[in-house]
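Visitor: One structure, as structure tokens, below. Some questions next.
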């Protein structure tokens, strides 16, 4: 497999790993982990469509309903949805997701990945019930807060769960299932919104059906496995071996298990506690990537479309019903193009798609600005041809996120963390992402009101910065065993390796003085030497 050449660090026996086969058990396990994306995606897709429903507006936001129904020029089409309570209804989920992610990291370390996902599903289910039964805005917001805690837990845990179950040579494909299921959740929500829009209780059905993916997640967790890494962290090595046998489809799992155990021993010997260690100088590159990539995941502007596409196209002159249909088309494009990432990530890599998406999305944002600025009338109308052109450009933008910054940002963040930082590192990345999601969700409608057609140039500027950052500072993790990424990619990176050289030397010297870590380091060097001999023999045979 692609990672066979990685021979140092935890993961030094990678050349001995059995590829095994994709078993029904691992398919079930990955479906369970990916359902965390389904939960998240449903909530992303549901809010904007519900806000566009007249019955919902009349009950909770009468001023917005009046502005939406008005056709005269005194109502600026870019500003009719600029209501702070609508923005709060959409965005408070992500603010609540921040303590949810922190809670998820604590339960991950203490109880494991599977119980953590059950807790997240329970919060999400309670929130869906509260929103479906809401009679005033406060009850809606409380329901969204409960959803947010659940989503924070699930988003922190899902990619982690998937990355730890996947074999190294298929880890990208397995982990992008999270993003794929987000798109499934979005489309499911959009289909529900479009189907129930004319019912007086349509918005209650839309919000209440959020409980369905939550129930699917909880039921799956009772049937699926715990990850071997989590079991080893809690010193349940026999159970970890049994799980590896089930998910790899072979008894020849001892080399992989030994690497996981070694990584856990090294972590316990060097860690001061996962959250404290996250901010140690030796892990500065991982910390910077953990902040930057989830932040960029939102600053590409994706949720300005996913949250508010119905409001955007309504402002362009479409009615509420047509805007919901447009939202559904965008969601379908999101699903199809995410499949491209799933099928190619382990062949083309993470960095390729991040760079390609940065260029494509920036061009699309500029084109969206040009269409709106040149074709829109003062009262908010676009000609049919201009509306189709805008939809095409939006779909190009969505495609870039779907095969680029959507799955790849989460994938790289989950991969670059060493074992003892994996739960806290992914939790911290989730917190950063949710904070930026809250900012975008809370202020985009106001930004659209102020900037009019030029609002998307803000995101285009960020996409330029994102492309440059990726080119310079993001390592390619394709095919590298997850336990070996720190030694093989971070420490040998052209920039991080030079800037952090003295820090790494000091850390290695400290590890060498520690009796436990010095033995582990010696074992890794021996494994590396043996693996290099094997690789040289394979090269001679190949020639």
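Every residue gets a Cβ built from N, Cα and C, even glycine.
TrEMBL labels come from automatic prediction, so no person has curated them.
Note that the coordinates shown come from a computational prediction; the quantities given were computed from them, not determined experimentally.
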Visitor: Which residue range, 425-447, 494-516, 517-539, is the one TrEMBL calls transmembrane segment?
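Guide: Result: 425-447 is the stretch TrEMBL calls transmembrane segment.
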Visitor: According to TrEMBL, which of these ranges is transmembrane segment: 365-386, 453-474?
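Guide: My reading of TrEMBL: the transmembrane segment range is 453-474.
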Visitor: Among 63-84, 85-106, where does TrEMBL put the label transmembrane segment?
Guide: 85-106
Visitor: For the domain 'Major facilitator superfamily (MFS) profile' (29-478), report the average pLDDT of the model, please.
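Guide: 88, rounded to a whole number.
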